[in-house]
Amino acid sequence: MDLKFNNSRKYISISVSSKAQTMSPHIKSIDDIVVLGINLSKFNKATQFFICVTGVFVFYLIYGYLQELIFSVEGFKPFGWYLTLVQFGFYSIFGLIELQLIQDKRRRIPGKTYMIIAFLTVGTMGLSNTSLGYLNYPTQVIFKCCKLIPVMLGGVFIQGKRYNIADVSAAVCMSLGLIWFTLADSTVAPNFNLTGVVLISLALCADAVIGNVQEKAMKMHNASNSEMVLYSYSIGFVYILLGLTCTTGLSPAVAFCSKHPVQTYGYAFLFSLTGYFGISFVLALIKIFGALLAVTVTTGRKAMTIVLSFIFFAKPFTFQYVWSGLVVVLGIFLNVYSKNMDKIKLPSLHSLLNRKLEDGKTRTLAQTV
């Protein structure tokens, strides 16, 4: 930034370079979109889309595989909160490293706000990880696809919002799909436990709140992604550490993981690293192509995660999983359509009837001629 002073006119001219240097290295500037050292701005739209989608699928599929692999270690299921502690520690380190790569290292968001965000983040990820001790991984993923339900309930009861028919239909489809999927899981899964449903439902509620809080804080204070990651996860690390210490849950977890360092700490490092990299490609996908396409890609990724879970990890299967999953996908489509009605033009029933009548008239005229 250059400052120019003119005594005769008594004004200050401030010129700011077009290349912003203070943004997160996930997305460096408006013109340059750099992800993991790859400058996507040098490629055409088709190549950009291919790179982003490949990054999302590769990193998040590995992320999901490692998460289920860790919980498949015999005896690890009671230590979901300790896994979250380790994950928060790695995320804090990654955020600190990323923050060192940008010029502006100041904390912009107030500490009180970060304490609230950290608490919600602990609830989202801790409850989600712990639920895997009670649920099949595909059931957990299906629940995570249905964040719209607690968002709508909160909007109705807290803010008095009203939703259109598409949103209501989406919530109904997701609810029916979840009930059907959960009933199927309780029928065929030998380790099904209702506690897992309660845990993942609470995680969804926290996740529904945290998105609004994070978005408001980042827009109000113009904070970077790396700052948000560093402070929210480091404060959350302290929360979980205190909680595990007070409940005497730390010593058994440390003793177990010390006996299986590769299957616990090694997998947890890769699990955290792939999750962190996956976020960067999702951010780039949203910035280049918009939230609509990003939601479509991430939904496809979750569907692929469920398929791979049944392929790589032995578990009971029933076709009720397929039908209930399709109902949930329909609900997701209706939710996306509701938010993008101006971009997605579906033919109305009236236009379909008119087109049918016109086709009939044309066919009759052709036969007459």
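Even glycines carry a Cβ here, placed using N, Cα and C.
Computed from a predicted structure; not experimentally measured.
Feature list (source: TrEMBL):
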type	residues	note
TRANSMEM	49-67	transmembrane segment
TRANSMEM	79-102	transmembrane segment
TRANSMEM	114-135	transmembrane segment
TRANSMEM	141-158	transmembrane segment
TRANSMEM	165-183	transmembrane segment
TRANSMEM	189-210	transmembrane segment
TRANSMEM	230-253	transmembrane segment
TRANSMEM	265-285	transmembrane segment
TRANSMEM	292-314	transmembrane segment
TRANSMEM	320-337	transmembrane segment
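Each of 79-102, 165-183, 189-210, 230-253, 265-285 was scored by its Cβ pairs under 8 Å to the transmembrane segment (114-135), and the highest score goes to 189-210. The highest tally of CB pairs under 8 A with the transmembrane segment (165-183), across 230-253, 265-285, 320-337, is held by 320-337. Stretch with the most C-beta contacts under 8 angstroms to the transmembrane segment (79-102), considering only 49-67, 189-210, 230-253, 265-285, 320-337: 230-253.
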